[in-house]
Amino acid sequence: MRGALTLCLLLLAATLAALMLGQVRLSPALLWQGLSTGEGPGALVLATIRGPRVLTALGAGAVLGLSGALFQTLFRNPLAAPDIMGFTAGAGLTIIAAIALGLALPMPLLAAGGGLVAALLVVLLSHRRGHATPPLTMILVGLGIGFLASALSSFLLTLLPHTQATEAQRWLTGSLAARDWGHVAQVCGIGAVLAALALAQLRRLAALELGEDLAAGLGLRVGRARLALAGTAVLLAAAGVAVAGPVPFIALMAGPLGARITGAGRLPGRMLAAAGTGALVLVVADLAARAALPGIQLPAGVMTGLLGAPYLLWRLSREMEKGEL
Amino acid sequence: MSLDLHTSGLRAEGLSLGYAERPVISELSLDLPRGEMTAILGPNGCGKSTLLRAMARLLEPAAGRVTLDGQDIHRRDTRALAREMAILPQAPIAPEGITVADLVKRGRTPWRGLFTPWRAEDASACAEALAAVQMTAFAERPLGELSGGQRQRAWIALVLAQAAPLLLLDEPTTYLDLVHQIDVLALLRRRNREAGITVISVLHDLNLAARFSDRLVLLGRDGLVATGAPWEVLTADNLQTAFGLAARVDPDPVTGTPMIIPL
């Protein structure tokens, strides 16, 4: 309970800081005036620039974090996450491809398609007839799919005219610059529906967590339940990518970090903690990215990359010590 | 149509398991009536666990079928079946940091629909299961902090909370020391006698199996060697056939059940 409160306070503090800090600094008084009356310089900054940006970051971070925690629980492996397994890269590729080909399809649809195709490829490539695929095999195959998708995205960038390429490159890194209220509505709306779907499947996940045989003994159709959960998690990640680009490492870090902050032991608590922590990390990363160097706005993905890479190395070394790799 | 005694319980009919080119079990028929405590015995690699998994519908038979009260278990709704038979696999996976209470609650899965809240009957089933394995005092403890024997009792509480009249266990005593092996088998025997639960388990220790079972199923490398009451199954000839073991069988001085003395 105290852990949940800590996370809420951290989220609140990060959100307020993200709303106040930036090229134009708002004092707490101006922020309050802007929030309560909708007038003054604060209101302008909040309504057009930082409000949508921060809320999009919160939404995208939450869906990515939840997606990562779902995968980690489903695969019983802390390295299982849509950003490691190539699903976010796949979602990013379809969006870049649509831009390059001049297709005007809705971003969430494109992202969902790319994520699902990447997931399908991972399943097909790691499948061996009559054998259960070890999670680590799927993770490594996913890593390969991710590299392939990133390489294709880079290739497509070279085909774009220079101005468009710079923008697309920025987006591919994972960026929250110039988001509007449409992005907020999109990620929150789609995110809420998918999160409800995921929560409705938590009892099945709780059974699957005990191993496939026990889950089957508890009356689950194991294959179907896994597929539905994995599909929901891929779509959650895609919803995040559609508004923030394939920001790396949020999904990977949010679950374990959230459990650490909140101390949540039970499954629903762990999932909520992962969503909250994903939101927290992305808001902080975005704030750091635009406030770290005066006059330069870095994409948020640069910051999560700087944060996430050491985490990944630490994780890998721990897994190696345990003999899992 | 009324159920006659012959169709009541779990039954294997002409069961073949494994791949066509490498059958683990072929053409096995077996009748396990309700209310009994049965142990499946045999040397390593003879297909004991495979047979148990097939009886629990975790494995699709290559030929033949498994029936519960006359109905093919693979044709039944898996969730409805989970209310009638519970299975504890050999190596269930404990999520990191899970408490005993949280673990046992998951045994209620087949009784809860998507929108069914936690009901009083779920709570009482869990409380009863914990009491039956004498783990009530440990409910809030993380599983990882418990001893091997306590952990196994917690897993058994999970399948007891499932409240199925038929319980299948794959090597429930492996990795336990002798005291805890007896503890687990005595606990299962109590549930069998007091609650009338049918218990079918794969065991390694022949003497303990003889002591705690109504019926033994002895498998050898070439399939079923014998099935029936302990004294009928554990004969010197059968042990020779199944294990290639030369042994004498004497009455256990304490319980009078067969006791194997290897020669």
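Sequential numbering from 1, following the chain as shown.
Using the three backbone atoms N, Cα and C, a Cβ is placed for every residue, glycine included.
The list of residues near the transmembrane segment (A:53-72) in space but at least 6 beyond its ends in sequence, with Cβ under 8 angstroms from a Cβ of it, reads 11, 15, 18-19, 78, 80-83, 85, 88, 176-179, 183-184, 187-188, 190-191, 194-195, 198, 205, 229-230, 232-234, 236-237, 239-240, 243-244, 247, 250-256, 258, 270-271, 274-283, 286, 300. The feature transmembrane segment is assigned by TrEMBL to A:53-72 (among others).
Sequence-distant neighbours of the transmembrane segment (A:84-103) (same chain, 6+ residues past either end, Cβ-Cβ under 8 Å): 64, 71, 110-115, 117-119, 121-122, 138-139, 142-150, 152-153, 156-157, 159-160, 164, 168, 171-172, 234, 237-238, 240-242, 245-248, 251-252, 312. Residues annotated as transmembrane segment in TrEMBL: A:84-103 (among others).
The transmembrane segment annotation in TrEMBL covers A:109-126 (among others). Counting same-chain residues at least six beyond the ends of the transmembrane segment (A:109-126), those with a Cβ under 8 angstroms from any Cβ of the stretch are 82, 85-95, 98, 133, 137-138, 141-142, 145-146, 149, 230-231, 234-235, 237-239, 241-242.
Counting same-chain residues at least six beyond the ends of the transmembrane segment (A:138-161), those with a Cβ under 8 angstroms from any Cβ of the stretch are 75, 77, 79-80, 83-90, 92-93, 96-97, 99-100, 114, 118, 121-123, 125-126, 168-169, 172. Residues or ranges marked as transmembrane segment in TrEMBL: A:138-161 (among others).
Annotation source TrEMBL lists transmembrane segment at A:181-200 (among others).
Sequence annotations record features per position, and here TrEMBL assigns transmembrane segment to A:227-251 (among others). Here the transmembrane segment (A:227-251) has Cβ contacts under 8 Å with residues 56-57, 59-61, 63-68, 70-71, 74, 81-83, 87-89, 91-92, 95, 107-108, 110-112, 114-116, 119, 171-176, 179, 183, 186-187, 190-191, 194-195, 197-198, 201, 204-205, 208, 278, 281-282, 285, 299-301, 304-305, 307-309, 311-312 of the same chain, all six or more residues outside its ends.
The feature transmembrane segment is assigned by TrEMBL to A:271-289 (among others).
Residues or ranges marked as transmembrane segment in TrEMBL: A:296-314 (among others). With a threshold of 8 Å between CB atoms, the same-chain residues lying at least 6 positions outside the transmembrane segment (A:296-314) that come near it are 57, 84, 170, 173-177, 244-250, 252-253, 281-282, 285-286, 288-290.
Using a Cβ-Cβ cut-off under 8 Å and counting only residues 6 or more beyond its ends in the same chain, the transmembrane segment (A:181-200) has close neighbours at 51-52, 55-56, 59-60, 62-63, 66, 70, 107-108, 229, 232-233, 235-236, 239-240, 242-244, 268, 271, 275.
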